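Right, one structure below, let's go through it.
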Amino acid sequence: MAITLSASDVPSPPLSARLSPPQVWGIVLLVPYLLVFLAFVVYPVGYGLWLARHPSSYVALYNDPIFARAAVNTLIFLVIGINIKMLIALFLSGFFAQQRPWIRWLSVIFILPWAVPSIPTILSVRFMLNPEWGVINQLIFKFTGDDGPNWLNDPAVALAMAIGVHIWKSLPFWTLILLTGRLAIPHDLYEASDVDGANWWQKFRYITWPSMQTLYITCTLLSMIWTLGDFNSVYLLTGGGPADLTHVLSTLGIRYLRLDQLSLAMASIVCAMPFVLPLVYYMMKRLSR
Amino acid sequence: MKLPTLREVGTEAKLLLIGIPVFIWTMIPIYHMFVFAISPKEDAFTGKLWPTHPTLHNFSIVFHQQHYFLRDFWIQFWNSAVIALAVGALTLFVATAAAFSISRLRVPGGRAVMNLALFTYFIPAAFLAVPMYRTMGTYGLLNNHWSLILAMVTIAAPYAIWVLKQASDKLPVELDEAATMDGATTLQLFRLVYVPLMMPSLVAVGTYAILLAWNEYLYAFLLLSKDTDITLPVALGNFLAADDSPWELLMTTGFIYALPPAAVYYAFKRYMVGGLTAGAVKS
């Protein structure tokens, strides 16, 4: 007690000798963020981990078929959904790299899904897929006279639609990032390869891909981490239904929270950590360089 | 005038073959929303690609709050705007101070703080939401706008600090040295040298935080519940809960809600592209 008092009340010679005025200011200016970090990251995470300490929560999770299903859905979402998205983004970045006035205009429109909030557009898709009044089934009825399928009532189709909504929303962002990478490749490399008579695949294989692969892989990993937190695409489109078969980990955590099973919610998140933390650590190392 | 060769026509056709599907794919949900917004109620459900009698009546209903679901439209709009602006201002304050301290003053431990912030940036927001909800309850902030504002600052600040730190690392050290030689104090350095030079990045970061907060659904839906407290996206979500939801009004409200962020995005695109996307992933 006496030591803390003397350090704060009377500036002790060693402290003021070590810290110059700019450094004191440096510490003062860091305080706002540190407060936010302590109050809204450290404390909640610590508290959450403490809630998830009982092995019985994990047993309960293990016995909950919805959790297993959500884990599988999350894997499908990440492994299939993200890779399809990134491949399309890679392809489209080549398309948008073409110098044409109309492609410039298209790129302005193309960014719209990223620029508008996700809620109205997801609800718009949800209405399109409505079995009775949705525009898709209306058109199917008009042209074939048959009733269209009940889209969101089939778990596989519903999950695919949620992935589709996710791709719709975030494809422009990743295409733009990959486009930046593509435009950074020196143009004379392509001119030289033209002289050598390379076809488009050889150009991609030996020029584009080698200079973009690090960026591409980083983007894929980053997109996977972020997609784990994509609550909206699933929750607003399917609500986890039918019969809780289309949950992913992020919506499942919120479902447990709404059912007041907070320890289960935290336990389900802790289960994802062995996969998330290595990715997070890798990305942190990359970006802090 | 030179006629295009067959090869050029072929390339153009191939590009169009990609461009047209891309255009349709991008526009479908937005166009669908727009058609609903300008359709009278009886036209909305007939599956037409363009309404027979386009009307702005839906907008008038929303603006005059003439429906049970819309009775708090303006106050919810106001909530969204105030929260977004508060998040933008607070994030700018917290992040600029931290970036200046880490990058220019080279405070001891600054690098560790940067890493902690980046760590937070990569934790999926939906995972943090669960303990955050309980914590806000402990702090007694649930159903209070401050809970959403502080939660969004927590989420926006790490990336903001990172972007600002990247940008301020590029400013030459000689600037600070020269200013200090002329007798500038640290605060004068911050106010008269640092902030003016960082303006483009500050605009980008402020815009980023404002859009993030305006667009947020999950946290808003967890932390706020009273009809007069919630933000627009939560109100849109609540629309769905009812079976007799008036879709055309929901889509109209959604359209109005989507306009400001789209306008802000395009207005600040210059800053966003320079400040954010290029820095988002370093290769």
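FYI, residue positions are counted from 1 along the chain as it appears here.
Cβ coordinates come from backbone N, Cα and C, glycine included.
TrEMBL annotations:
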DOMAIN    B:77-268  domain 'ABC transmembrane type-1'
TRANSMEM  B:15-38  transmembrane segment
TRANSMEM  B:77-100  transmembrane segment
TRANSMEM  B:112-133  transmembrane segment
TRANSMEM  B:145-164  transmembrane segment
TRANSMEM  B:192-214  transmembrane segment
TRANSMEM  B:249-268  transmembrane segment
Quiz item: Which range out of B:15-38, B:77-100, B:112-133, B:145-164 gives the transmembrane segment (B:192-214) the most CB pairs under 8 Å?
Solution: B:77-100
Quiz item: What stretch, picked from B:112-133, B:145-164, B:249-268, has the most CB pairs under 8 A with the transmembrane segment (B:77-100)?
Solution: B:145-164
Quiz item: Residues sitting near the transmembrane segment (B:145-164): Cβ under 8 Å, six or more positions beyond its termini, same chain?
Solution: 79, 82-83, 86-87, 90-92, 94-96, 98-99, 102-103, 114, 117-121, 125, 128, 132, 136, 139, 198, 201-202, 204-205, 208-209, 212-213, 216, 219-220, 223-224, 229, 231, 275-276, 279
